[in-house]
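Now, the feature entries from Swiss-Prot:
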| type | residues | note |
| --- | --- | --- |
| ACT_SITE | 228 | active site, proton donor |
| BINDING | 51, 52, 53, 88, 187, 238, 239 | substrate binding site |
| SITE | 148 | site 'Transition state stabilizer' |
C-alpha cells in the first residue's frame, strides 16, 4: 500500500484556495488546480474536474467556506449554495453538505471552515469504517468486480467500494480487482486502475461488455460498487451501467454490495423513481480522447446514472452498519441511531 494518503480535495488556508486534483487529466498527469471562488468550485463540479458524490460534497463545503472568508455576506452565501446544489442533481451528498453548511452561514468564516473540515474528516472516517465492515464480507482471495470509481478520488479519502478492497488487503486478504472501464468518462480505466496501481493492489481492466462472460466463467466472486443516492426503500442510484451489472450478478447468483456513507442515504426519497437522473451532453459519448468516434450528425444519449432496484442488492454497507433486505426498516433503524 502507498504510505502517502490520496485526498482529492484540500483547503489551503495560507492562500485561501480550494485545491483539487484534476481528474480529467488522470492517469496521464497529476495536475492540481487552485479554485479561488465558489463559482470556480461549481464549475469544477459540473465539468468533472472533481467527481464522486462524497468528494463533491467536500468541495462544496470548502467552496462556501472560501466564499465566506473572502467577505461574502449570508445572502450571497445562500445564492452560492443554490448554485452548488444544482451543479449535479443526482448525488445527494452535495445537497447534504450544502444544507449542513447553510445552518452555520451566520456564524462567520471560522465556523464555516471548521464545519467544512469536519465534513471532510467525518467522510474519511466513514470510508474507513465502511471498508472494515465490507472487508469482512469478502471471501479469501476474492476477485472483486467494481464499476466507475468509488475510491479515494471520489471521497475525502480512502474510498467506499475501493475502501472495502483496501481494508481487505490491509487485513491480510489478498483480493484482486476487475475494473470496468466505465464509458464514456472512463472512470474505471483512468481512475480506479490508477488508484489501485498506485497502492500495489492487483487490478485487471475490462470493457463494459465483458462482465457477464467472466461471471459465467466463475472468475468473479462478488460485485462492490459505490452510490450517489440511496432511496428509503433501498433503490440505488449510481453510475450508468451499475443496473446492468446488478442484473448480471443476480443471474449468476453473485453478491452485489453497495458501499456508501450515510450521507448518501436519502430517506426523503421513497424509491428510485423519485431520484433525478442527470443527462449530460452527447459530445462526451461521440468523442473519445478528443477524437470523434461516431458519424457526424448521429445523436447520442448520456444518462449519467441509473437506478438499481433494491431486490438486486445483496447488502448496503454504511459506516453505521450493514443492511440487508428488507432495506426500508433496516435503513430506518440505522437512521434512529
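Yeah, the Cβs are placed from backbone N, Cα and C, and that goes for glycine too.
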**Request:** Please report the DSSP secondary structure of residue 239 (substrate binding site), reduced to three states.
**Result:** strand
**Message:** Let me check the 10 A CB neighbour count of residue 88 (substrate binding site). How many other CB atoms are there?
**Reply:** 24
**Complete:** Of all C-alpha pairs drawn from the substrate-binding set 51, 52, 53, 88, 187, 238, 239, the farthest apart lie at a distance in Å of 17
**Request:** Looking only at C-alpha atoms, tell me how far residue 53 (substrate binding site) is from residue 148 (site 'Transition state stabilizer'), rounded to the nearest Å.
**Result:** 12
**Asked** Excluding 51, 52, 53, 88, 187, 238, 239, which residues of the same chain place their Cβ within 8 Å of the centroid of the Cβ atoms of the recorded substrate site?
**Response** 91, 148, 149, 150, 154, 226, 228, 304, 305
**Fill in**
Three-class DSSP assignment, residue 88 (substrate binding site), comes back as coil
